[in-house]
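Trainee: Below: one structure in structure tokens.
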Amino acid sequence: MPITPQEALQRTIEHREIFHDEMLHLMRLIMNGELSPVMTAAIITGLRVKKETIGEITAAAQVMREFSTKVHVQDTTHMVDIVGTGGDGANTFNISTCSMFVAAAAGAKVSKHGGRSVSSKSGSADVMDALGIHINLQPEQIAQCIADMGIGFMFAPNHHPAMKNVAPVRKELGVRTLFNILGPLTNPAGAPNILMGVFHPDLVGIQVRALQRLGAEHALVVYGRDGMDEVSLGAATLVGELKNGQITEYEIHPEDFGLPMVSNRALKVETPEQSRQMLLDVLSGTTGAAHDIVCLNAGAALYAANVAVSIQDGIAKARNAIASGAAKAKLEALVVRTHALAA
């Protein structure tokens with residue numbers, strides 16, 4: 001007999017694990033809208049209090065992938081997602097979004113998966129809008145962008161229609177739940193490589209092991225010790241790396257790459273428009289903290305994508321992509337292409 005929602009809730013209250021097949025069943029009930037909002041809220045809150053296990057997260061991500069609207073890309077060589085869980089409270093400009101243009105200009109295929117702001121001043125979709133990029137494309141049009149240009153943006157709500165059953169519950173609860181950590185594990189284009197930022201140090205080991213079980217190839221899961229869900233300039237960054245099936249955990253520091261340590265106060269924005277301006281300044285070659293943190297994160301993404309042999313090599317490639325104008329040209333080309341496809 002499959003587990004009942006009441007049994008699952010009791011399990012979380014007793015701090016006992018919900019096993020893989022049970023979690024698959026439970027998650028399908030949630031995604032199909034077969035549980036009441038009260039029961040859905042109780043279970044996801046119970047899981048949060050108990051602390052979700054790697055097995056529970058993996059099973060939930062498998063179901064979320066099952067229910068998602070896919071983007072079919074034939075050749076996934078050098079394909080990478082650059083994504084954060086959000087919720088770091090840092091309110092910085094969109095570092096991962098800026099990094100996507102740099103990484104794509106340097107030879108990675110970037111299939112970025114993102115949404116609107118939940119807790120920050122500017123989510124990736126908010127700044128994409130501000131940049132003039134059309135974010136509501138059909139899956140085959142996004143696949144075309146990735147295949148032809150090496151870059152594409154997947155607006156999360158368009159690819160996870162079943163999430164509408166959970167959205168009101170998440171909004172009313174107003175606290176982080178399982179779903180905050182599932183989004184980055186469910187890239188609709190099936191990117192085999194990923195640079196993922198997380199909002200808590202415990203998630204580094206958890207998410208990298210979930211990615212391993214989900215079949216990722218090369219993954220870097222990062223947590224800045226100043227609380228950023230990016231590779232940070234303001235503190236050491238904790239890294240969980242999956243490569244050739246093996247996981248290693250280590251710390252990196254800005255000085256390792258010849259970069260000065262800078263507080264993330266220099267990177268803060270209040271609106272998507274400010275984020276857009278900072279992003280354009282970086283892509284135009286303006287140097288400083290914003291430029292450095294983008295090179296650092298794009299460098300890590302290029303390493304994850306196996307375009308660079310190390311983060312250091314990735315940073316050099318990122319700098320060249322900006323200095324040559326290729327990164328800004330990539331952004332401009334994506335604006336033109338998405339509007340042509342949407343017309």
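Each residue, glycine too, has its Cβ placed from N, Cα and C.
Found this in TrEMBL, in case it helps:
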- GLY84: anthranilate 1 binding site (BINDING)
- GLY84, 87-88, THR92, 94-97, 112-120, SER124: 5-phospho-alpha-D-ribose 1-diphosphate binding site (BINDING)
- SER96, GLU230: Mg(2+) 1 binding site (BINDING)
- ARG170: anthranilate 2 binding site (BINDING)
- ASP229, GLU230: Mg(2+) 2 binding site (BINDING)
- 6-67: domain 'Glycosyl transferase family 3 N-terminal' (DOMAIN)
- 77-327: domain 'Glycosyl transferase family 3' (DOMAIN)
Trainee: For the residue listed as 'anthranilate 1 binding site', which residues of its chain lie six or more apart in sequence with Cβ-Cβ distance below 8 Å?
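Mentor: For the residue listed as 'anthranilate 1 binding site', the qualifying residues are SER96, PRO184, MET196, GLY197, VAL198, PHE199, ASP229, GLU230.
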Trainee: Within the domain 'Glycosyl transferase family 3' (77-327) only, compute the mean pLDDT.
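Mentor: Mean pLDDT for the domain 'Glycosyl transferase family 3' (77-327): 94.
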Trainee: Could you state the CA-to-CA distance between HIS113 (5-phospho-alpha-D-ribose 1-diphosphate binding site) and ARG170 (anthranilate 2 binding site) to the nearest Å?
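Mentor: So the alpha carbons of HIS113 (5-phospho-alpha-D-ribose 1-diphosphate binding site) and ARG170 (anthranilate 2 binding site) sit roughly 19 Å from each other.
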Trainee: Among all protein chains shown, how many Cβ atoms are found within 10 Å of the Cβ of ARG116 (5-phospho-alpha-D-ribose 1-diphosphate binding site), not counting that one?
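Mentor: Its Cβ shell of radius 10 Å holds 17 other Cβ atoms.
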Trainee: Ranked by the number of other Cβ atoms within 10 Å of their own Cβ, which of the binding-site residues HIS113, ARG170 ranks first?
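Mentor: Result of the Cβ crowding comparison: HIS113.
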Trainee: What does the structure give for the C-alpha distance between the residue listed as 'anthranilate 2 binding site' and ARG116 (5-phospho-alpha-D-ribose 1-diphosphate binding site)? Integer Å is fine.
Mentor: 15
Trainee: Please compare the binding-site residues THR92, SER96 by how many other CB atoms fall within 10 Å of each one's CB, and tell me which has the fewest.
Mentor: THR92
Trainee: Validating a neighbour-count step here. Other CB atoms within 10 A of the CB of GLU230 (Mg(2+) 1 binding site): how many?
Mentor: 28
